[in-house]
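Database features (TrEMBL):
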TRANSMEM  14-35  transmembrane segment
DOMAIN    87-212  domain 'Phospholipid/glycerol acyltransferase'
TRANSMEM  344-362  transmembrane segment
Amino acid sequence: MLLSLVLHTYSMRYLLPSVVLLGTAPTYVLAWGVWRLLSAFLPARFYQALDDRLYCVYQSMVLFFFENYTGVQILLYGDLPKNKENIIYLANHQSTVDWIVADILAIRQNALGHVRYVLKEGLKWLPLYGCYFAQHGGIYVKRSAKFNEKEMRNKLQSYVNAGTPMYLVIFPEGTRYNPEQTKVLSASQAFAAQRGLAVLKHVLTPRIKATHVAFDCMKNYLDAIYDVTVVYEGKDNGGQRRESPTMTEFLCKECPKIHIHIDRIDKKDVPEEQEHMRRWLHERFEIKDKMLIEFYESPDPERRKRFPGKSVNSKLSIKKTLPSMLILSGLTAGMLMTDAGRKLYVNTWIYGTLLGCLWVTIKA
């Protein structure tokens, strides 16, 4: 019985965040849909400005749970940009929480509403979210030979032409690194060796297509590239790296610290030609790999479990996140208190998902 109580208490840690985050989705989509209709005859910049504000509200609620609720300690290293910029964000990919880390940095620059992702194709079928991410400026891409360069260029160029603020998040590895999936790691290392590139241990060999297209389209619009390296502390064992936490594990407070190293790279220091950029990107991942080797395996205990240089313990004020959680939760609760509201809520889930899937199918 005691074990059952412990397990029940453990599961409750992620139950509340999950219910609120998923439960408020129809409310958010309804608010966005109303604005989408009202702004149909207005200049695009008016729609984009309020859409970014709405997105900031929802993602602030996400950060309430992933930062304030979990109590995770955020340690920042390297360059710490404070002002809004148009940037490409390049990071190592190891967990579903990686998407949240981009939000963690963006909110500290007051740029949370500007975050847009390059996403794998399959995510466009997510109920409600899949369609909305594309509407907000996200770009769905297929892997390898199926990658549609023209489509990505057209979308990015339209954002640049409209003056859309860009905090474009790309994970060049294309799939999550997991030290326990040795076949994936071996294939990645073999791919690098065949092309005369350095073999990497703690990251996968980065792919160039999405990064090159993004930079080529936006090079005159960008301010910089952020090269971001992330470690989730708490899942290693005696220096041996383990699989990074899932969102569920993270919300269960299994990750006490996130270490984030940022290199701000001026756009003039990035090669434009694709083959040169391929080498440059791989060199950036070599730097990541060396930092991660040092983090996990350094014989010097003073250099283990930390990145080089001074760290800043960055705490997010609850004043930036709690109001969003209360607003969206309150609106959702109010909707569910009436028969008409409950019917609207359920219909939004059903028909919003169907219309969203239809929309992404037509746009495919």
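Counting starts with 1 at the first residue shown.
Cβ atoms are placed via backbone N, Cα and C, with glycine included.
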**Prompt:** By DSSP, how many residues in the domain 'Phospholipid/glycerol acyltransferase' (87-212) are helix, how many strand, and how many coil?
**Reply:** 60 helix, 18 strand, 48 coil
**Message:** I need to check the long-range neighbours of the transmembrane segment (14-35): which residues 6 or more away from its ends have a CB within less than 8 Å of a CB in the stretch?
**Reply:** 47, 50-51, 54, 57-58, 61-62, 65-66, 69, 127-129, 132, 135, 247-248, 251-252, 325, 328-329, 331-332, 335, 344-345, 348-349, 352
